[in-house]
Amino acid sequence: MTLPRSLRWTGDHLDLLDQRCLPHTVVYRQLTHWREVSEAIRSMAVRGAPAIGVAAAWGVVLAAKAGDDLDQAIEGLRASRPTAVNLSWALNRMQTSAKSNGWVDVHQLERLASAIEAEDRALTQALVNHGVGVLPEDCRVLHHCHTGAVATAGVGTALGVIVAGHQRGIVKHAWLDETRPRLQGAALSAWELGCCGVPATVIVDGASGLLMRRGQVDVVLVGCDRVAGNGDVANKIGTYNLALAARAHGVPFYVCAPSSSIDITTVDGDAITIEERPEDEITHFRGELVCASGVRAWNPAFDITPAHLITGLITEFGVIRSPSRESIASLPFAN
């Protein structure tokens with residue numbers, strides 16, 4: 001089965017795959033205003049750090065076509081989700097381009113948004129090619145959240161490595177954390193691997209340590225929303241727990257990090273803003289209260305995994321073993 005594209009630019013509007021409707025229904029939303037793009041990012045109709053960066057770039061194009069204040073549109077899009085650096089990465093490029101002539105060149109912005117989308121396709125493919133090289137033969141991979149094709153404009157990051165590894169006869173099985181509270185692993189990763197013919201089993205997030213203890217995990221692969229200059233990683237809540245369990249059981253722990261997710265200007269993980277989402281994502285399920293009435297919930301969307309727990313960062317340039325400030329600063333884009 002061919003996976004649907006995460007987004008499609010038509011020339012006058014953005015068709016956006018609504019990931020909230022997956023896995024049961026494929027629905028595209030027709031977005032004609034940058035505020036609609038911002039709301040789609042905030043509500044997680046589009047999610048995955050690379051995908052939201054590309055979507056935001058097209059949001060700027062929509063603002064330019066409408067004659068809206070571009071600075072206001074860019075800052076509105078930037079505020080939609082604060083943790084993933086891909087969002088600011090794309091918006092900063094669009095803002096620089098918009099100001100380069102002293103006037104708004106809509107066609108120039110459209111070409112740049114198209115280039116950002118094409119770059120994501122190319123760099124995710126390069127990342128996947130490098131990632132397959134770290135996999136042991138006949139391996140069982142544990143994955144957290146969702147990092148597949150619909151979370152990018154291309155083939156995905158960590159999940160893309162799993163798919164490619166299976167196609168090459170290296171990956172035997174994938175374990176998928178369900179990833180509370182939004183269930184991206186159960187709803188999206190399981191669906192995507194099923195479409196690609198990869199054998200997979202969904203587990204509750206708390207089962208990963210037991211799997212490792214029993215020797216049923218050979219490698220952990222995750223994505224990221226931001227890598228700080230020292231190698232600390234912000235990723236979906238629960239990633240830090242996985243890294244601790246992997247270290248305790250001697251399981252390699254790799255983070256797939258395209259250069260658009262690496263922020264050398266952020267000193268370390270403590271400097272990364274962690275998005276906190278609504279309490280009802282935890283207290284309610286499909287609109288029904290599942291907690292005792294009046295119980296409060298804390299819902300950070302991300303956590304920080306320190307660099308010393310990471311076996312390697314898989315980038316489009318290659319694999320950075322034991323990431324550090326020095327090794328990240330040596331990457332081509334950092335100079």
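If you go along the chain as it appears here, the first residue is 1 and each next one adds 1.
Heads up, the Cβ atoms here are built off N, Cα and C, so glycines get one too.
If you check Swiss-Prot, you get these features:
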BINDING   ARG47, GLY48, ALA49, ARG81, GLN184, ASN235, LYS236  substrate binding site
SITE      CYS145  site 'Transition state stabilizer'
ACT_SITE  ASP225  active site, proton donor
CB contacts for LYS236 (substrate binding site) [other CB atoms within 10 A, all chains]: 25
Cβ-centroid neighbours of substrate site ARG47, GLY48, ALA49, ARG81, GLN184, ASN235, LYS236, 8 Å, sequence order: ILE52, ALA84, CYS145, HIS146, THR147, ALA151, GLY223, ASP225, ALA301
Neighbourhood of ASN235 (substrate binding site), C-beta criterion under 8 angstroms, separation at least six: HIS144, CYS145, VAL222, GLY223, CYS224, ASP225, VAL255, PHE302, ASP303, THR305
Maximal Cα-Cα distance (Å) across residues annotated as binding substrate, namely ARG47, GLY48, ALA49, ARG81, GLN184, ASN235, LYS236: 17
Surrounding CB atoms that lie within 10 Å of the CB of ALA49 (substrate binding site), all protein chains: 27
Local backbone state of ASN235 (substrate binding site), from DSSP in three classes: strand
Sequence-distant neighbours of GLY48 (substrate binding site) in its chain (C-beta under 8 A, six or more apart): SER6, HIS146, THR147, GLY148, VAL150, ALA151, THR152, GLY223
Protein Cβ atoms within 10 Å of GLN184 (substrate binding site), excluding its own: 26
Where ARG81 (substrate binding site) sits in the secondary structure, as DSSP reduces it to three classes: coil
